[in-house]
Ligand SMILES: NC(=O)c1ccc[n+]([C@@H]2O[C@H](COP(=O)([O-])OP(=O)(O)OC[C@H]3O[C@@H](n4cnc5c(N)ncnc54)[C@H](O)[C@@H]3O)[C@@H](O)[C@H]2O)c1
Ligand SMILES: O=C(O)C1=N[C@H](C(=O)O)CCC1
């Protein structure tokens with residue numbers, strides 16, 4: 001029996017679930033000990049390796065989070081808001097690290113996660129890649145250096161199965177730009193322009209979402225002024241970047257004191 005930290009993946013059959021399980025299985029620093037899917041899913045009861053079309057891994061997919069999380073050191077969760085909020089209570093009871101990649105969370109969901117983080121380590125980010133987290137720092141610095149003559153727009157593109165907009169990443173970038181400007185994003189955010197919208201308001205931060213094909217994730221932060229434009233861009237071409245970040249977060253979180261952390265904490269990029 002290995003003493004490597006045991007990790008459970010939720011949303012096992014999903015795009016990220018499968019990528020996470022491959023990443024953990026290939027890692028010399030962790031072992032996959034559980035795979036969770038929603039009740040009624042046709043993977044329940046199957047060996048997860050076989051369900052993914054490969055060799056047996058000796059792990060049966062379950063729909064019981066209590067049982068799955070009981071012996072885990074960390075749970076990596078890229079599912080849906082309602083599921084993530086439910087799992088946060090159970091990971092807090094089980095005292096295991098909860099790494100959350102799920103996006104589309106409401107303010108009230110986030111309050112519930114913060115309550116759970118009083119008893120457990122939660123690491124949450126709308127994007128777990130090193131590149132995007134660096135880009136948030138750059139965005140904050142550029143926004144702080146420029147005045148409101150520069151209109152800020154966040155433009156994102158994702159695959160046609162994505163259910164939430166703006167993306168979690170776009171919101172992280174918008175927050176970073178607002179922070180750089182010393183304003184609250186809630187007060188300056190422009191989302192979903194359509195029809196006779198009136199002129200763009202000075203100081204606002206706009207969001208646009210493109211959905212199509214199999215785009216993994218593309219983000220531009222545009223600073224547009226009379227006579228010049230700056231574009232900060234991140235292009236994701238492989239979901240492995242998110243899975244590697246999530247595994248790093250899980251290992252980082254083990255043994256840490258309870259609290260709500262993000263990828264800047266994990267990567268040592270937090271300037272505060
Ligand atoms: N933070 C990041 O770096 C990052 C990167 C990629 C995707 N995401 C986010 O991760 C989430 C999942 O993305 P995806 O592309 O893998 O989606 P997906 O639809 O392919 O997978 C989601 C999986 O969660 C499962 N699920 C839903 N409710 C469940 C429950 N109650 N119990 C167990 N499983 C449940 C679904 O059956 C599905 O298999 C989205 O919110 C997405 O935006 C975040
Ligand atoms: O595929 C998705 O869904 C992604 N979601 C995250 C987001 O909302 O920003 C990260 C990129 C991929």
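Just so it is clear, glycine is given a Cβ too, placed from its N, Cα and C backbone atoms.
TrEMBL lists 7-128 with the feature domain 'Dihydrodipicolinate reductase N-terminal'. Marked as NAD(+) binding site by TrEMBL: 11, 12, 13, 14, 15, 16, 37, 101, 102, 103, 125, 126, 127, 128. As annotated by TrEMBL, NADP(+) binding site applies to 38. Among the features that TrEMBL reports, domain 'Dihydrodipicolinate reductase C-terminal' is placed at 131-267. What TrEMBL lists as active site, proton donor/acceptor is 158. What TrEMBL lists as (S)-2,3,4,5-tetrahydrodipicolinate binding site is 159, 168, 169. The annotation active site, proton donor is assigned in TrEMBL to 162.
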Proximal residue to residue 169 ((S)-2,3,4,5-tetrahydrodipicolinate binding site) among recorded positions 15, 127, 158 (C-alpha distance): 127
Residue 127 (NAD(+) binding site) CB neighbourhood, other CB atoms within 10 A: 27
Recorded positions: 15, 38, 158, 159, 162 - member with fewest neighbouring CB atoms within 10 Å: 159
DSSP-derived class (H/G/I helix, E/B strand, else coil) of residue 11 (NAD(+) binding site): coil
Distance-selected binding-site residues near ligand 2 (C-beta under 6 Å), from 37, 38, 125, 168: 168
Arithmetic mean of per-residue pLDDT over the domain 'Dihydrodipicolinate reductase N-terminal' (7-128): 97
